[in-house]
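S.K.: Pasting a structure here, questions to come.
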């Protein structure tokens with residue numbers, strides 16, 4: 001099978017698209033108007049202090065300083081958004097040191113900065129967030145207790161999540177006026193637990209890029225280095241949370257869409273086992289597709305906040321009381337990773353060699369973890385290049401198995417142009433429509449891969465030298481990528497295909513142009529590696545300085561339904577490596 | 001859409017099929033040889049005392065008397081197979097009153113009687129079962145304890161379940177020599193828990209009839225009334241368990257295949273929420289299909305034995321340690337149905353009116369349950385006929401959505417003739433091949449139906465007058481059916497489409513030709529009702545005496561994952577209605 005030939009699909013219809021332009025303009029104007037109305041003085045200060053879009057797009061600017069350093073936010077605002085954990089915010093409200101309104105105002109300001117610096121917001125919800133915060137303060141005054149374990153916590157929402165009474169576009173221009181009747185189960189749950197929603201964040205066209213660019217708001221930037229991509233598809237979330245524009249964010253992941261953005265922006269991201277969180281009432285172009293199920297997942301600044309999210313969502317939110325497909329499996333609070341857990345290290349998936357910074361980080365970290373974990377090198381035990389080619393081809397084909405009809409159904413009505421990474425995605429599996437029978441055969445290959453991972457590495461019948469608790473692997477080929485460059489999904493999408501849960505976490509390593517130079521001998525040069533490593537003219541496409549400022553993240557995978565154990569292990573790793581809250 | 005037009009598919013190839021005949025003969029000869037070798041004297045006695053196949057096929061013979069009454073089995077054998085529960089058998093082995101070998105020998109005899117009377121066996125495993133029983137006795141002598149909670153319990157297996165080293169045909173002639181490498185997870189689990197496997201039972205061609213007839217062994221009969229069908233597709237199991245030929249049986253259900261046979265033979269059957277039991281290593285013609293997932297489920301003589309099965313399988317067997325798709329949800333032993341649970345009664349699904357005996361049984365039982373349960377009539381709240389037409393059409397279309405390619409792939413190589421109910425099934429959804437895109441649209445309709453049931457009846461947001469714990473409904477349009485007549489799947493398949501768990505249980509009622517006469521005014525006369533109730537010439541097809549001797553069973557449904565609560569409620573119902581072990 002040949003992937004990535006030029007796709008024949010070109011639904012762009014400039015005339016039709018032009019009709020939508022006024023709606024797009026109105027959609028965006030409302031956002032900027034909300035920002036300005038909230039605090040005109042602050043708005044002008046942001047305009048003045050934050051570099052222009054053109055400058056941000058071309059320079060390696062660390063945009064987080066606009067939030068962490070004095071200049072735009074007051075000391076108390078900076079304390080709220082930078083220093084205080086979710087636990088701190090809850091405690092300080094209970095002790096009356098802070099009000100929900102103060103918290104909301106501080107976070108709305110940092111979210112406005114985030115929007116200026118990274119263009120991560122689809123829609124602001126500032127008036128309703130302020131109203132909600134006041135109600136929560138009133139509730140606390142009246143009842144002497146918090147409404148719930150998210151009382152007054154500003155949570156950002158990936159925009160594709162249905163929001164009652166608001167347009168939910170999922171970044172499809174055709175859905176720009178798609179006002180939905182029902183909020184997602186997650187929105188309903190966190191609302192009941194006291195959450196404050198102030199911003200809905202960007203996702204790429206089709207929600208199927210490991211990058212974030214759409215025809216409604218344009219491109220989102222990486223806060224760590226603005227000329228780089230924040231990852232995707234939950235790139236609005238990663239930019240927002242990394243800018244401290246929300247305390248925690250809700251993303252979703254069908255091929256890496258929580259983990260890639262978390263990795264690119266120096267954050268934590270969890271893709272849980274599917275059906276532990278509900279995805280009900282989300283809008284997407286792959287409804288009814290179940291060969292590779294999507295899942296929601298949190299993007300956060302610490303592993304403890306990921307744990308808090310999962311614990312209160314599942315144990316108090318009980319998604320199965322809203323969504324009959326959600327699993328009634330409690331979040332096990334006391335889960336531990338065991339005394340000396342066994343971690344298999346996967347330096348390469350044998351298909352596409354990761355960039356040098358990734359390997360350097362893994363080698364260093366393996367050494368540091370050695371005293372507390374059994375570290376097992378998976379180089380000999382992992383699937384061969386041929387096996388991986390088959391697994392990844394199955395993976396890609398399943399994403400486009402309907403010949404992209406479901407996607408085109410939402411793309412075509414607006415005539416919006418197809419962005420480069422949309423064409424790339426629509427051409428997965430050659431863009432070929434397969435039959436239901438062929439889809440089933442691919443499902444069987446998927447199940448075989450899942451079982452094979454289980455039997456090779458995790459089950460009690462696995463070789464004694466393996467029998468792993470976890471697999472540590474790259475989160476991506478590259479540290480944060482150049483916009484438009486994230487074409488290989490394998491390091492994350494394998495775990496969607498096979499539905500194993502994982503956490504992406506930041507490491508102490510960053511791209512270092514001096515150290516992270518290429519050793520070309522190690523390349524396998526199959527078509528996917530060529531796509532990543534080579535230019536059209538056959539010369540190497542890797543330039544160490546392109547990634548300056550980019551963080552290196554890794555991914556820890558465990559057995560299905562052992563999400564708690566993975567979170568616990570990442571807590572332990574963070575202690576050992578001294579990885580503090582971002 | 002029009003269903004049940006004549007199908008165009010006719011893969012029969014008499015020449016090809018003739019080549020398989022010697023293999024079929026050999027397959028069956030081995031079975032009869034095993035039976036005779038086990039005890040030639042007993043074999044001859046069976047030949048002598050049990051009526052001929054022709055007589056059994058045409059007369060309403062209660063075949064259970066060959067096992068329950070003196071004549072073929074000794075008093076002690078009859079005590080073992082008729083009187084002793086699984087708990088009793090375990091206790092009496094531990095106290096050395098019985099050996100596993102004695103139990104195995106008694107059950108092998110009753111299974112041989114079952115085969116003579118009902119033709120329910122595909123393959124006997126007599127030598128290995130006896131060897132296994134002796135090993136278990138040895139184990140008990142040596143260790144002073146039972147191997148596990150199925151120690152020495154004879155369990156029958158639906159033949160499509162892979163059995164290591166044995167041919168596993170799933171009733172496809174083309175698979176007559178398909179020796180498999182791996183047993184199902186269930187077989188592995190119950191083996192570890194001490195189970196003894198002596199017989200593998202019949203299923204219909206394609207495993208997709210609510211009846212049991214295939215081209216390898218022919219037709220299986222109903223023990224309650226041999227001229228009737230034992231139901232299907234686990235009809236070999238229901239015949240075997242109803243004949244007391246095994247202590248408990250493992251069936252599987254994708255449209256009613258555990259529940260219909262349990263209902264037709266006066267037994268208990270559980271279709272659990274999918275993924276609570278593993279189906280791994282089963283053979284079927286719908287691999288990779290996941291729009292309507294199949295599940296295994298027990299067929300038993302008491303609800304307590306269903307509970308024992310689930311408890312030990314899940315809590316001790318831990319299927320998720322074999323099969324990464326199995327859910328690690330423990331079986332809650334102390335589950336109760338609540339103090340005064342709310343049962344909604346569904347007299348008709350508004351699509352096909354059940355036969356009079358069913359309505360009579362439901363009315364009587366509702367009265368008896370009234371003091372202990374809140375009984376709510378669902379006549380006004382249920383889906384309309386139009387809504388049900390849409391749901392059932394979705395259901396049928398999803399069974400054949402691949403244009404039957406998966407089935408034909410296994411049917412064609414042998415040229416075996418298509419049986420009438422195979423043609424009926426292959427013509428579900430008009431036998432039309434749909435696209436992946438269309439399959440997804442049907443998945444969305446399925447999800448809508450599932451959610452609608454949840455929100456209408458079960459969730460806390462349901463109207464206060466509803467908010468049910470359970471729904472009590474017919475298990476089938478008819479009590480046990482005339483062979484070839486089970487064409488409407490709706491009463492069971494709705495719960496596969498939407499994946500709600502249910503238990504089918506016997507009632508004290510039987511078909512009564514005097515009382516159960518037709519009141520034709522109540523018929524809706526849509527195409528499905530016409531199919532069930534009318535002959536081709538437009539006259540009524542219901543004759544009360546056809547069903548003389550047939551038991552009436554009902555079906556109790558609950559929320560997803562509340563299997564335990566349903567089992568608990570059926571226990572309570574059995575106490576109230578005085579429904580003892582069969």
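Residue numbers in this text run from 1 along the chain shown.
Placed from the backbone N, Cα and C atoms, the Cβ positions cover glycine too.
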S.K.: A:207, A:254, A:255, A:256, A:257 show up in TrEMBL as binding substrate; which entry in A:186, A:233, A:279 does that record put in the same site?
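M.R.: Record source TrEMBL; matching candidate: A:233.
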S.K.: How long is the line from the C-alpha of residue A:233 (active site, charge relay system) to the C-alpha of residue A:257 (active site, acyl-ester intermediate), rounded to the nearest angstrom?
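M.R.: About 5 Å separates the two Cα atoms.
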S.K.: Measuring Cα to Cα, how many angstrom lie between residue A:158 (active site, charge relay system) and residue A:207 (substrate binding site)?
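M.R.: With distance taken Cα to Cα, residue A:207 (substrate binding site) is 10 Å from residue A:158 (active site, charge relay system).
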S.K.: Among all chains shown, work out which of the binding-site residues A:255, A:256 has the most CB atoms within 10 A of its CB.
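M.R.: By the 10 Å Cβ neighbour count, A:256 comes out on top.
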S.K.: Identify all same-chain residues not among A:207, A:233, A:254, A:255, A:256, A:257 whose C-beta atom falls within 8 angstroms of the centroid of the substrate site's C-beta atoms; report them in sequence order.
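M.R.: Not counting the recorded site residues, we get A:208, A:209, A:210, A:232, A:234, A:252, A:253, A:258, A:260, A:294.
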S.K.: Would you count the other CB atoms within 10 A of the CB of residue A:207 (substrate binding site), including those on all shown protein chains?
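M.R.: For residue A:207 (substrate binding site), the 10 Å Cβ neighbour count is 29.
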S.K.: List the same-chain residues at least 6 positions away in sequence whose Cβ sits under 8 Å from the Cβ of residue A:254 (substrate binding site), in sequence order, or say none.
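M.R.: Once residues fewer than 6 apart are set aside, residue A:254 (substrate binding site) is near A:207, A:208, A:286, A:292, A:293, A:294, A:295, A:496.
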S.K.: Compare all C-alpha positions of A:207, A:233, A:254, A:255, A:256, A:257, the record's substrate binders, and send over the largest distance in angstrom.
M.R.: 11
S.K.: Give me the count of other Cβ atoms within 10 A of the Cβ belonging to residue A:257 (active site, acyl-ester intermediate).
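M.R.: So the number of other Cβ atoms within 10 Å of residue A:257 (active site, acyl-ester intermediate) is 36.
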